[in-house]
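Presented below is the structure to which this report refers.
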Amino acid sequence: MTMTRLTTLTLLPMLASLPAAAQQVDCPIKVGVLHSLSGTMAISETTLKDTVEMLVSQQNEKGGLLGCDVEAVVVDPASDWPLFAEKARELLTVEKVDVIFGSWTSVSRKSVLPVLEELNGLMFYPVQYEGEESSRNVFYTGAAPNQQAIPAVDYFLEELGVERFALLGTDYVYPRTTNNILEAYLKSKGIAEEDIFINYTPFGHSDWATIVGDVVEMSEDGRQVGVISTINGDANIGFYKELAAAEVSADDIPVVAFSVGEEELSGLDTSNLEGHLAAWNYFMTADTPENAAFIKGWRDFIGDDSRVTNDPMEAHYIGFNMWVNAVEDAGTTDVDAVREAMYGQTFPNLTGGVAEMLPNNHLTKPVLIGEIRADGQFDIISQTEPVPGDAWTDYLTESAKLKSDWPGLGCGMYNTETESCVQIQSNY
Amino acid sequence: MILRKPSVLIFLSALALVTIVTTLMAQAGLVSTSFVKLLGKTLCLAIAALAMDLVWGFTGILSLGHFAFFGIGGYAIGMWLMWDRTENIVMPSLTGGPLPPTPFQIEEAIGTQIFGVVGSSDVPWLWSLAGSLPLQLAAAVLVPGLIALIFGWLAFRSRVTGVYLSILTQAGTLALSLWLFQNDSGLRGNNGLSGLQNIPGLRDVAQSVVSLWFLWASAIALALAYLIAAWTVSGRFGSVLRGIRDDEARVRFLGYEVEHYKLAVFTGTAMVTGLAGALYYPQAGIVNPAEIAPIASIYLAVWVAIGGRGRLYGAVIGAAVVSLASSWFTGGGAPAINLGFYVIKWTDWWLVLLGFSFVLVTLFAPKGLGGLVDLWTGRRARGIGPLGPDQGSLRGKEEVA
Amino acid sequence: MTIPTERPAMTFARLLRCFLTCVCLALPAAAQDAGVQVLLQTYSDQIAKPSRQTIQPVLDALTSSGIPTMPDFLEAWADKRVVQRDADGAFFYGKREGDTWVLQSVEDGADAGTAARRDVSELKPNAGVRRLIATALVQFQLNDPDPARRLAALDSLSRSPSAKLLGPLRASIEAEDVPAIRARKIALDRLIAVQFGTDVETRLAAIDWMSDQLSLEARAALNRLLATELIVGSPPENANVARVLSVGKDISQTDALALLAAADILPPDVSRADRDAALIAAIADEHVAGTPVATLNTEAARWTAYETLAIAGQAPPRPAQNAVATLLERNPITEIYDEPDPILTAAAAAALAEVEARVARAQAFDLALDALSLASIYFLAAIGLAITFGVMGVINMAHGEFIMMGAYTGYVVQQIIPDKTLSLMVALPLAFAVAAAAGVALERLVIRHLAHRPLETLLATFGISVALQQIVKNVFGTQAVPLTSPDWLAGAWVLNDVVGISYIRIGIFMLATMFLALLVYILRRTRLGLEVRAVTQNPGMAASLGIDPDRVGMATFALGSGIAGVAGVAIGLFAQVTSEMGAGYIVQSFMTVVVGGVGSVFGTLAGAGLIGGLQKGIEWLNPSNTLAAQTYMILFIILFIQFRPRGIVAQKGRFAQ
């Protein structure tokens, strides 16, 4: 323990602040919540803000943390990306929070990153994302591509026998990078370039007739077609409505979505979508006592018995509890000490099994594939063993040679070929 | 000569006072770095609002696209910031190898770092000048100018005025933001350019210091912009502009080349706005297509209207008040109001308040907050008459019909 | 207490399973008499955790067992109605009732007691396995008395055609009495015959029949027949050669080189990384092959140094670029049909060409339908704006929010009236009323006070728009709300496998046509219309003739906003209902109005047609990027307005330019 801390301190001299043990904990312990409560992303992020508030209040009921009350400091970055950076700075310097739970979109994370690294803050990021990043100051509790996209494509290839792929996505970074990785992966699996159709649509796109028609046309050569959807947010509603209207059943053309969960389906009549798929690390239907307790706690907190839970909520649940345990282990909320204590932390998943924090700031997560049911929930039809999250994907040549190992190498972007650290601070 | 006008003098002294007081308080640790940044950004927004006031308040062209120029300025400077910073990151590992790096290798390494996030490593042609600060600074001014020149020339030549022009500028802004949204455009799509607050070469300087430098730069830029604007509207040129606003047809009958005046104002303000953007985004840290969305340009008009159009300090007041208030309300600074059956949280209701207060200002206080100054001085400020009908040329048509 | 007793039971069950497995493996014939459960236990693990790649032998064994209730089990399994008791691994049909499972025997469906929720596991075969099960069931279902099941069997047969089922399919055609199913069976027979048939005559006949078809199935069958393989070097004797690829035209130089390299004809291309590695390995005394390391700072210098190394034999040589042509000539790259009979492939190719020409025409028609549909949506969204703009000369930025209010009205009505048809009948007029009321309120409270200040009206209504959006968010939440169409509007009108359009879009088209007719009638044939036209053309003159422009303005606003409300319900039926949905249509609506020509109903129609058609056209040119289509469309419109500022249908009037 002392050894590791010593090495870290020598490796990262700029961080050498006061030794952790000497630091007094200021009560109350402040938890920053950096989720948009207005603007386009409020749709998804408000739920996460409520989740953190719930976790904080549950923690206080358990008697707080290190003898202190925990207090959630909520700010609204209003889906405005520069505002994320400004609010993060405010949280860290004015409110002096000990940790931040926040962000949803990649661009908001990239906006916050420089501030976190400059002020040595700590953030838990709960959403599945495109990978290709490992910041010292962020713990990624959502899925990296190898924990969601790749297993889902394997399922398509092996279980559904899909031979032609339509990759449909909203035009932003997550779909772009995920589709790039998937394209490389599919080619490595012997799928020809002309059998991969890629389309990007704007946020909130509503006119899906032509695109659905194009996808249906793909099955003209008699091979099984599958759709991999990274369509984001509301646009899904129009997409699925058009699919249903075109009477494309999941047996004809299965669709696996990476951004459609319980929350998104609640805006939709799912009776026509039965059998289409989603890949996540959590589904509300997971039949475990922990999950039952979590759902009950959530519904009690929000006062609505019809509210659903979803994957990013589980990510915050795991992240928050790991952070609490790490703080208790470290005996302080000091960022460097807590970060050290985070590595190797384990916490039970809501879907069974145990999540572990890896040296690359990512979690191990089981990959679940669910089929949409008529009631808007998912039937879990496949659940893997926990998969370790990979910050730098192995399927793109540029990043295959990179790895991230903070406690061991003190580097988030380490070139294994030249055996040198490309960068310690992120290049956003 | 301009300096002798009391409003200019008062404004410049107030600006200097605010800047100096903030600097001193920041040094004493009384205000946070975020506040200094917020103030610096607000001053840049005030420059954009000044430009908007010239275009709309004085010339009567309601451009719903001026904020796009602001964004273009940000992109131009952002390209250099990213390129140079990345070059500093990749060079050590490249030169550390056994072979000296080739130019191709360097470009490839920078490209991978910048565009890796959008899954590509090719450097788009748009970035060919990104390594040079002077050229990118020039681009921050010239690109908006050129776009404004072409757009304005086309529109004014066809006598597109009034709401038509507003919609056209809005459509143009939408097209630009949609174009930037595409990853294929080579400006990193939705992610935009980020990490701009880390200035190459100033990596070891703390942000608390850098933010003060930028505050001063913004303050000086605002002062200069104010002087230029005041000089522009004071002379004959300004009278012609106001004439165009009040009745374009009559000014044309008087023999003025109305189109040239409009084009000059449109292009000039676009360039100033671009420069303001170049100052703003290194403080904001990130520029992306959402910044250029049509709604941002409408907000610009809203600031000017709330502050009081047709007077320069009005634009500045409007920009400052609205953006600072917005920051205060959304930051959770405003206390929630408990109505017993419902709790009004300002994070939720701030936009409603802003929307309605804007309607109220338009309906009942068309002179905006600047009108308060009139009440205070007890007389109409000289040179500011009634605002006059804003559809100028439309009325001319009616008479013809 | 329970734990000690349970353990021996489980062990016993394991033993039993083990025993049964052994018995079954030893005596496969015995399985027939032993019943479903015993047979299932043989494959217990595969059935509990099936995978598409391994389940086929199990299915074969199950279907060939001859047990009469086996098809029932397979159906139940595919429907996720089978559970496995954890204690002994036995399979049951299960029905969940609260926290208990009601179990039924897999032999005969007899009651088999209950089990607690956590004591049994549901079997959830994935879609791939379900498809195999369905295929396995086809032979049982082809003659099923239930026509729906027969159709389902045919569907799964068409999804995974196999030679084995050709016989049963043919046998079932004779007895088929439903004409539609019979036709489908005959079609399927041909589709399978093309691929798996044994005599050339039948296959040719089937190909000939297919050349008249347009269906995906027929194209799929032809394409499967025409599947090819790529061969480098001279093709074997008797090979059915499809074509010889010409480099630069059919295949790129790089790909051809890669193929040659893969066939060991050429040395593989040296990548830059390989080159640099070789150079680094050869560094000796600050020199590489006689060149100082410091000068290797350009790509060209590095390649030259590498050539030197290659000549010295210290590195693998690069493929000689100039020899590629001759090598390719000697080793042609050919595509060979998998099907050996050239007569068949030639016939199929000809048939496919014929089909594809027809498909192209159908696609053009389909695109036109899509464009028409988009145009009618734009028309509905914009027409309200057009008339208010025409009459009052003001731009209402909150118009999009009236669309949104209409959609939310639809949502609220659907919450109160669960019947979808009835709620839609209520929602349409109510949405009109709500939006019209909001429009009148806006006109009386704001717009009237800003007369002759159109730019300020624009900004004031923008303020309203921002406030309305946020209010809706605060009231209804930020999540999209569901607005579901009634069943008779679900689905699509399918002309053939290429041309199809959803009923909702047809409904919207009819709605748009209806409002077009209504507006034309109101404007041309009613008193209000006369007054509206008078005010549009000359308000001063109209007022002096006793027309109250305020009243006319209010009526126009009510009408225009009301239509927006109806449009909101329509849009909500096929897309998402969110607080921001209106904002997505507002710029398009403005452009529709401006392009069409202000104040003219037909102008708006023309504008909507132009914008809808243009957008679909650009999308067709670049199908992988919808965003680009929108960008270019807007740029085109900006240019269009520069050259035709009055729009397509130019009108003289107060606010016409």
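In case you wondered, yes, glycine gets a Cβ from its N, Cα and C as well.
The feature transmembrane segment is assigned by TrEMBL to B:38-57, B:64-83, B:135-156, B:163-181, B:213-233, B:260-280, B:286-305, B:312-329, B:349-373.
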Report task. Answer yes if the transmembrane segment (B:213-233) and the transmembrane segment (B:312-329) have at least three CB pairs under 8 Å among residue pairs 6 or more apart in sequence, and no otherwise. Result -> yes
Query raised in the report: Counting Cβ pairs under 8 Å that sit 6 or more residues apart, are there three or more between the transmembrane segment (B:286-305) and the transmembrane segment (B:135-156)?
Result: no
Report summary line: One stretch in B:38-57, B:135-156, B:349-373 has more Cβ pairs under 8 Å to the transmembrane segment (B:260-280) than the rest, namely B:135-156
Requested in this report: State the non-local partners of the transmembrane segment (B:349-373) in its own chain: residues 6+ outside its ends, Cβ under 8 Å from one of its Cβ atoms.
Outcome: 302, 304-311, 313-314, 317-318, 321-322, 325-326, 329-330, 334, 381, 387
Query raised in the report: Taking a Cβ cut-off under 8 Å, which residues six or more beyond the ends of the transmembrane segment (B:64-83) line up next to it in the same chain?
Result: 48, 51-52, 55, 110, 114, 126-127, 130-133, 136-137, 139-141, 143-144, 147-148, 151, 166-167, 169-170, 172-173, 176-177, 180, 187, 192-193, 195-196, 198-200, 269-271, 273-278, 280-282, 284, 287, 291-292, 294, 296-301
